[in-house]
């Protein structure tokens, strides 16, 4: 295997993309709270499993209007301004949590911070096509995804160790600090978006004055494949979120206190696998259509979820995470690429906000529904249900690929 050939997919990208890559690493290296959210809610604040699932669902549902607002703000004011303003605001609420005892108020502040981060979410994806040539779009999204997981390869291990030592307040403070540092990189060093985004804003204003067809809903009406694609991703994400919700509970159920350390390790295995495998998968799927890659990603999800249901051993969980991560890589870089290919730049903010929203529904209802389900059935049977649903989603994606002209 020619390693240099696979690594070369990241050569020739713009300076701004590399800076965004560095910012992403810093930000995700300090992502301590969200990977441990289920444990924080159940062990520190005192929620039941069902209550934790309901809270997570409410948290994600409240993000919906903020995602939509964020997309509109990105198209009007540009990605950079939105990222800086709302990343800073969100980090302030985490800092406040760092000086409080775990209680219901802390849970509410986590929701507020999440909503502010949600406002900035569409801006990150919308920024990539602005500072990247169309030919290198898939490579750029792959690099961003790699940066995200380079950070996550380290963050959860540190977070798990600090949580195990009952240093929750320090986790909040460090999470906020890394967010602020990563935002400084974007604010002061990424320059390429300003000129291009001004052009987009002016172009949009001129088109709005000329006709009403500039509505994002009019655009989606004329491109139904994007709508169907997003709905199927809802199924994908409903299933995917279960590894963040059910797996930490399952590891504690199987391995008691050692499960508290096992899940952060599995989280890092996920990130390390991304680091090692993303360049390879990006290279070998260069000429593969996005939808075909996403279909195979769904099949890998199905296999991994079956493994989680059957597993009673740590090494099987590790292998299952590796298989799942390979599917995650294919889905993540190709879904962003598919949307970017199909969306004019003046719609990027709003299109990404709708994608986040539709996908977020899967993330939102997943923990609540499965939180209720696991109160009545075993983790094994719950994973079998998730695997079956995932197979349906993968088949549906294959049908879209078959009938959609890419």
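Cβ from N, Cα, C; glycine included.
Here TrEMBL flags 16-405 as domain 'Major facilitator superfamily (MFS) profile'.
Taken from TrEMBL, the feature transmembrane segment covers 17-40 (among others).
A Cβ distance under 8 Å defines the sequence-distant neighbours of the transmembrane segment (52-70), meaning residues of its chain 6+ beyond its ends; these are 37-38, 41-42, 82, 86, 107, 110-111, 114-116, 118-123, 245, 349-350, 353-354, 356-357, 360-361, 363-365, 367-372. The transmembrane segment feature in TrEMBL is assigned to 52-70 (among others).
Per TrEMBL, transmembrane segment is recorded for 82-101 (among others).
Taken from TrEMBL, the feature transmembrane segment applies to 107-131 (among others).
The annotation transmembrane segment is assigned in TrEMBL to 143-164 (among others).
As annotated by TrEMBL, transmembrane segment applies to 170-190 (among others). Cβ atoms under 8 Å from those of the transmembrane segment (170-190) belong to residues 16, 19-20, 22-24, 26-27, 29-33, 36, 80, 83-84, 87-88, 90-92, 94-95, 97-98, 131, 159, 162-163 of the same chain, restricted to positions at least 6 beyond its ends.
The feature transmembrane segment is assigned by TrEMBL to 226-243 (among others). Using a Cβ-Cβ cut-off under 8 Å and counting only residues 6 or more beyond its ends in the same chain, the transmembrane segment (226-243) has close neighbours at 220, 291, 294, 298, 301, 305, 308, 321, 324, 328, 331, 335, 338-339, 342-343, 351, 354-355, 358-363, 365-367, 369-370, 382-383, 386-387, 389-390, 392-393, 396-397, 400.
The transmembrane segment annotation in TrEMBL covers 263-281 (among others). If you look at the transmembrane segment (263-281), the same-chain residues 6 or more away from its ends with a CB under 8 A from one of its CBs are 1, 6-7, 9-10, 35-36, 39, 142, 145-146, 148-154, 156-157, 159-161, 163, 247-248, 251-252, 317-318, 321-322, 324-326, 328-330, 333.
Taken from TrEMBL, the feature transmembrane segment applies to 293-309 (among others).
The transmembrane segment annotation in TrEMBL covers 315-333 (among others).
What TrEMBL lists as transmembrane segment is 354-377 (among others).
Annotation source TrEMBL lists transmembrane segment at 383-400 (among others). Long-range contacts of the transmembrane segment (383-400) within the same chain, counting only residues at least 6 positions beyond its ends with a Cβ under 8 Å from a Cβ of the stretch, are 225, 228-229, 232, 235-236, 238-239, 242, 246, 291, 294-295, 298-299, 301-302, 305-306, 308-309, 370, 373.
Looking at which of 17-40, 107-131, 143-164 has the most CB pairs under 8 Å to the transmembrane segment (354-377), the answer is the stretch 107-131.
In the predicted model, residues of the domain 'Major facilitator superfamily (MFS) profile' (16-405) average a pLDDT of 85.
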